[in-house]
Amino acid sequence: MDLINSTDYLINASTLVRNSTQFLAPASKMIIALSLYISSIIGTITNGLYLWVLRFKMKQTVNTLLFFHLILSYFISTMILPFMATSQLQDNHWNFGTALCKVFNGTLSLGMFTSVFFLSAIGLDRYLLTLHPVWSQQHRTPRWASSIVLGVWISAAALSIPYLIFRQTHHDRKGKVTCQNNYAVSTNWESKEMQALRQWIHVACFISRFLLGFLLPFFIIIFCYERVASKVKERSLFKSSKPFKVMMTAIISFFVCWMPYHIHQGLLLTTNQSLLLELTLILTVLTTSFNTIFSPTLYLFVGENFKKVFKKSILALFESTFSEDSSVERTQT
């Protein structure tokens, strides 16, 4: 999801401006920009509607609280995409200033980490609810979930601070301004010593981001849902296959949406093949930007309760506004 300048959406570790987008053909840039604009428009509308449903149309439970903040992380990201698309159409020229360069990069980093962490938290919640029902009955409360939510946001913010610090605007000799990472935090962009230091810090950031932002959460999700699926099948807790569909949706969507991003970031460190970088960049933009649209829809509609409540909520929006009795049926998942 790296789109800030050169589609460096969500904490670009190296600078796609230098390393990849300089190879992009105009058609590729247009594809990326259109993907961002479309994702922003549709994602803002759908995610905003989902947030409304979860906040005002459903009973506040652990489940709805976790999903609310998961979708909130998507919503925050979609609000910034138009700026990234505009920069892409302007050949990665950044005309929004250094402060917004830092804020956007930090915000997008925050959105990536929070979405990944909340997916893991939802998996752990399913695990505890299914395999430790007694403990869950005693401790699994909205207040407990609120502490989890707070911990996720604090952890994601802490991991995003380096990318807020490293991000700077750079003026080249032609007067072009780019928003890119300066890992050495030095104004001496050409020094070999500084370039070596930047490379070392870049590698360290990539490894930590890959481990904490993908590999570890992926294993947590796989472990939790595998255990849940085994227990559900063993006890025949559900006659429907819907719970298994939800589990598979979580695993597949996580892998499909985030694996291309980390592959592209790894390639930036190991290859200069322009075609390969271009293809992986486009794939990264498509999967991560549309992730903000389709992942919330999948999670809300695959689950039967979410689907029912969502349908009722659409019809009840105007009724709850204009009718004297504004109560709306709420369902607890």
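Don't overthink the numbers, they just go from 1 along the chain as shown.
Glycine is no exception: its Cβ is also placed from the backbone N, Cα and C atoms.
The disulfide bond annotation in Swiss-Prot covers CYS101-CYS179. When other Cβ atoms within 10 Å of the Cβ of CYS101 (disulfide bond) are tallied across all protein chains shown, the result is 24.
Feature annotation from Swiss-Prot assigns N-linked glycosylation site to ASN5 (among others); the stated evidence is sequence analysis.
Among the features that Swiss-Prot reports, N-linked glycosylation site is placed at ASN12 (among others), with the record citing sequence analysis.
Residues or ranges marked as N-linked glycosylation site in Swiss-Prot: ASN19 (among others).
Look at Swiss-Prot and you will find ASN272 (among others) tagged as N-linked glycosylation site. Following the DSSP three-state reduction, the secondary structure of ASN272 (N-linked glycosylation site) is coil. The number of other Cβ atoms within 10 Å of the Cβ belonging to ASN272 (N-linked glycosylation site), over all protein chains shown, comes to 11.
The topological domain 'Extracellular' annotation in Swiss-Prot covers 1-30 (among others). Predicted-model confidence for the topological domain 'Extracellular' (1-30) is 47, expressed as mean pLDDT.
Swiss-Prot lists 54-64 (among others) with the feature topological domain 'Cytoplasmic', giving sequence analysis as the kind of evidence.
Sequence annotations record features per position, and here Swiss-Prot assigns topological domain 'Extracellular' to 87-103 (among others) based on sequence analysis. The DSSP breakdown of the topological domain 'Extracellular' (87-103) into helical (H, G, I), extended (E, B) and coil residues amounts to 10 helix, 0 strand, 7 coil.
The topological domain 'Cytoplasmic' annotation in Swiss-Prot covers 125-143 (among others). Long-range contacts of the topological domain 'Cytoplasmic' (125-143) within the same chain, counting only residues at least 6 positions beyond its ends with a Cβ under 8 Å from a Cβ of the stretch, are 60-63, 65-66, 223-225, 227-228, 231-232, 237, 247.
Here Swiss-Prot flags 166-209 (among others) as topological domain 'Extracellular', drawing on sequence analysis.
Residues annotated as topological domain 'Cytoplasmic' in Swiss-Prot: 231-246 (among others).
Taken from Swiss-Prot, the feature topological domain 'Extracellular' applies to 269-283 (among others).
Per Swiss-Prot, the feature topological domain 'Cytoplasmic' maps to 304-333 (among others); the stated evidence is sequence analysis.
Under the heading transmembrane segment, Swiss-Prot lists 31-53 (among others), citing sequence analysis as support.
The transmembrane segment annotation in Swiss-Prot covers 65-86 (among others).
Counting only same-chain residues 6+ beyond the ends of the transmembrane segment (104-124), those with a CB under 8 A from a CB of the stretch are 1-4, 8-12, 66-67, 69-70, 73-74, 76-77, 80, 83-84, 96, 148, 152-153, 155-157, 159-161, 163-164, 167, 179, 181, 212-214, 217, 220-221, 224-225, 250, 254, 258, 295. For 104-124 (among others), the entry in Swiss-Prot reads transmembrane segment.
Taking the Cα atom of each, ASN272 (N-linked glycosylation site) and CYS101 (disulfide bond) are about 26 angstrom apart. Residues in the topological domain 'Extracellular' (166-209) partition by DSSP class (helix H, G, I; strand E, B; coil) as 19 helix, 10 strand, 15 coil.
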